[in-house]
Structure formats: structure tokens, C-alpha cells
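Undergrad: Structure in C-alpha cells, see below.
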Amino acid sequence: MNIENKEITSSWFTNLRDLLCKEFEKIEEEYAQTKGLKPAKFVRSSWQRNGGGGGVMSLMKGAVFEKVGVNISTVFGKISSEFRNEIPGAELDGKFFATGISLVAHLKSPLIPAMHFNTRYIETSKSWFGGGGDLTPFYPEKNETVKFHAAFKEACDKYDSSYYPKFKKQCDEYFYLKHRKEPRGVGGIFYDYLNNGNFEQDFAFTQDVGKALLSVYPEIVRSKLFLPWTAEQKEYQLIRRGRYVEFNLLYDRGTKFGLMTDGNVEAILMSLPPEVKFN
């Protein structure tokens, strides 16, 4: 396993965490100032994994972000024998290293889309990058969807013109609730097992995916920061959040990987919304 690759990827995910948290706190401050409120701040808690490594969970509950969590983790060790065949390259000895960032934002306003993002770097006897970002509006708007996709397309096109259509398709297929026969949101990009034999290029692409998210999502939030919404719209948001819960517990690879590798349960399930209704 390449020690330098581990260090620079882990360092980037920490840096991206700091940039995202700073921007989200800034949005809370902007809103709080106009409403005479005390702005919310992220609360951080560290955790250690018994088999090796650990992470830091950053959680904020505010007036704009009902619940937003930004997790970073770097874990290593051995995957238990019953799960080794599910992780490429771990079949023989089960050794693995994984570092990454995951982010889920649930907004108070039903007019502002929920958002999920993660990027990661994993080493077994093989190595690869994965991740992506997707948007889940409760009241979709075409211009907003186009803007979100355009940010990721620009990041993709810098490296390979085939990336965006391929990763968009993978996102549409991945964030699909098979039991309901419906998509979770309006998509984005999703990639996994990315290894083109050029670590620097694959890492640069993964960094640009993070920068794309940082540029576009705060803009979307700010555009609807002060729009009024109704009790009926909030009720609909709570019901639709149920789809988020269903996907994360039934299909999400990150949830499964975290549980298979004895990750921190609170951090793994951080993506669940703070309030939801099942009718």
C-alpha cells in the first residue's frame, strides 16, 4: 500500500471538510443576521475504530440546515472473512485502507433540495477512487437541476468527455428505488472503482468533483434562502424524506461498507433525516 497516496488523499478530504463547513456556517450566519437569531455552528466529535483508524463527525442543526453532517474518516485493517468477496482485491488476506468524506444536507425549507455527496479512496490489493454528488429536490425546478448537473459536467469534461454521460447514467441507476420503481431525486454523477493507471489524474478529478459541489450547492441554497413556504409543503417534504431513509438502509454502498468494516454507527447513519413521516 502506498503511504504517500494515503496521506495526500486523507489530507485533501480534511481540507474539503473545512471548506464545506465554513461555507455552510456562513450561510447560517447570513440568514441569522436578518432574523435576529444566533447562528448555528458545527459540532465535531471524533471516533476511533477498534481495528484501526477513525474519523471525525461534524454536525450542525440550524435555522437553514435542519441537519447537515460532514464526515471524514480514515480506516484500515482487515475485513472479516464473510465480507471479503464483496470488496475487490480483499479476497485473499482482507487487508484494506479507506479514506474519504461524506456529506448529507437536509434543509428546513421544503423548497431547498436535500443533497448528498461523497468521495473516497480505497486500497486493498487493488486501489481506486469513487464518489459523486446528487440532488433531491421536493419541488424540482429545471433551471436548478441544469445548474447542478452543469457543475459536475464541467469537472468531468476536463478529464474525459465520456465521464459525464457515463457517471450521470451510473448515478441515475444507483439512486433508484427498485421496490418503488422511482428515482430518489434528479441525479448528478456517481463513479466507483476509478483507476486509469494514473493516480495523479484520478486524484485531481476527485478533487475537482469536490470543488464543483462547493461551487454549486451553496449557490442553490442561497437562491431560496428567504422564500416563504407552507405547512402543506413541509408535510410533503417529510413524507418524501422517507424515500431517503429507504434508500440508505436498503441500497447504499457506503452504509454497507461502513457496517462491514466496523465503522462508527452514528457516523454511518448520519445521513438519515432528522424528521420524517411514513404514511
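Just so you know, glycine gets a Cβ as well, placed from its N, Cα and C.
Computed from a predicted structure; not experimentally measured.
Grabbed the feature section from Swiss-Prot, which reads as follows:
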ACT_SITE  His116  active site, proton donor
BINDING   Ser102, Asn118, Thr119, Arg120  substrate binding site
BINDING   His106, His116, His149, His179  divalent metal cation binding site
REGION    244-279  region 'Important for dimerization'
SITE      His179  site 'Important for dimerization'
Undergrad: According to DSSP, collapsed to three classes, what secondary structure does His106 (divalent metal cation binding site) have?
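TA: Assignment for His106 (divalent metal cation binding site) reads strand.
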Undergrad: Between the recorded positions His116, His149, His179, which lies closest to Ser102 (substrate binding site), Cα to Cα?
TA: His116
Undergrad: Counting each residue once, how many in the region 'Important for dimerization' (244-279) are helix, strand and coil under DSSP?
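TA: Its residues divide into 22 helix, 0 strand, 14 coil.
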Undergrad: For the recorded positions listed here (His116, His149), tell me which residue's CB has the most neighbouring CB atoms inside 10 Å.
TA: His116
Undergrad: Tell me the Cα distance separating His106 (divalent metal cation binding site) from Asn118 (substrate binding site), rounded to the nearest angstrom.
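TA: Taking the Cα atoms only, Asn118 (substrate binding site) lies 15 Å from His106 (divalent metal cation binding site).
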Undergrad: Which of the recorded positions listed here (His116, Thr119, Arg120) have a Cα atom within 10 Å of the Cα of His106 (divalent metal cation binding site)?
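TA: Close recorded positions: His116.
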Undergrad: Would you mind pulling the longest C-alpha to C-alpha span across Ser102, Asn118, Thr119, Arg120, which the record has binding substrate, in angstrom?
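TA: So the binding residues stretch over 8 Å, Cα to Cα.
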Undergrad: Enter the number of other CB atoms within 10 angstroms of the CB of His179 (divalent metal cation binding site).
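TA: Looking across every protein chain shown, the total is 9.
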Undergrad: In angstrom units, rounded to an integer, how far apart are the Cα atoms of His149 (divalent metal cation binding site) and the residue listed as 'active site, proton donor'?
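TA: The residue listed as 'active site, proton donor' has its Cα 14 Å from the Cα of His149 (divalent metal cation binding site).
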